[in-house]
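Please read the structure below before turning to the comments.
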């Protein structure tokens, strides 16, 4: 039996929620994880909560809330929740199984990863976090154990589960939630958490992947907390292209950390050099993925779940093995926004040539076209709105000789002016903008949207700004991972959400 799959023992259940368990995948602080298969034959990872947590009613309440929120998360770099039963004697949830090691396993067995792989890792995790944050979830425990490395990119797992753990009697008696070596300063101090704690952890992941050790060293809990709170991260051995963004993400104050959009823009800038390889993982790490494929445990006739005191599980349409997506030919193209810049759709055939994966540079340039030029008319409406004629003529007056003027800053809602400044500069990019100008434009817009969100006081405006910033982050993530279909979807969404921002600003003008 493969060392990646442990045999079931007398202590393990034979089935959970009607799913027949085939092997044990791992054991963690929250419980045990097992391999099972959906009625449609797809591999699943079934996590069963420990009895200590199951006996805590507050944990159950939060677990149910987090599972409901996690079901809404959709993203290529996350793992979908397929089924769950928070009310079972031992609560459980099932997600799609990812045939690949955790980042912790990969670094432990193969050593630090090359810079190009680390950049892809950072981009993928940032995209996954954007999808998680868009659903109102903060991961809280983003560690190397909670990032899986699949053939086509990283996957973020266990988002939100740490929040449920915070409700247990174990944590209410003084134990902090999170993995000590990867906690942000505000977590160490017991302060309220925001998405910025996940950005801190992302910087930590980058250092860990690049040098093979935590950014604040190892040792006892108190020593690590002391270094996290008062000492700079140890990034001396980090490659130059990783070091800068890691330092920014690991800022002590949440407000000093970059947005996920800024992180992706940095990755795009660093990818301007050599093309990322066709296989993003180095050999022999890529070759080791075969050991994670569960074909040996696949039943000849998959047992369908039956109702056992709760709703029957269904073969959820999002419960797919995302490393086994349908093949596309290398000549397939997305609808271009400009005939000279058409990004190819990712070829996911196992063992495909490097030519099937386009360079990060070409992808991001295509992203700039799809995201900026495509919905430009809608985003232009934002700047146009602030240039509308202002006339004091009576309604009966049909003409005005006054030139259009911009309202003074004190007539605008907080946050709108900052956003419009960034959008205006972004829309001034020429169609044939070169790489440097394109990346600079993305970075400027990301910074402007982050500043606008901090300045916004009206909930509707703030929500519209956060949504637009998340759209940009997700679009860039699709670009960096070669997801042409995701490009198109996000281009349309940015247009819609840009219009929503305009309407929000108009509504309180």
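We number each residue from 1, going along the chain as drawn.
Cβ from N, Cα, C; glycine included.
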Where TrEMBL places region 'Disordered' among the ranges 362-385, 386-409, 410-433, 434-457: 386-409
Of the residue ranges 334-353, 354-373, the one that TrEMBL records as transmembrane segment: 354-373
Reduced DSSP assignment, residue 47 (ATP binding site): strand
Proximal but sequence-remote residues of the same chain as residue 47 (ATP binding site) (Cβ under 8 Å, at least 6 apart): 30, 31, 32, 33, 34, 92, 93, 94, 95
Overall pLDDT for the domain 'Protein kinase' (19-269), taken as the rounded mean: 90
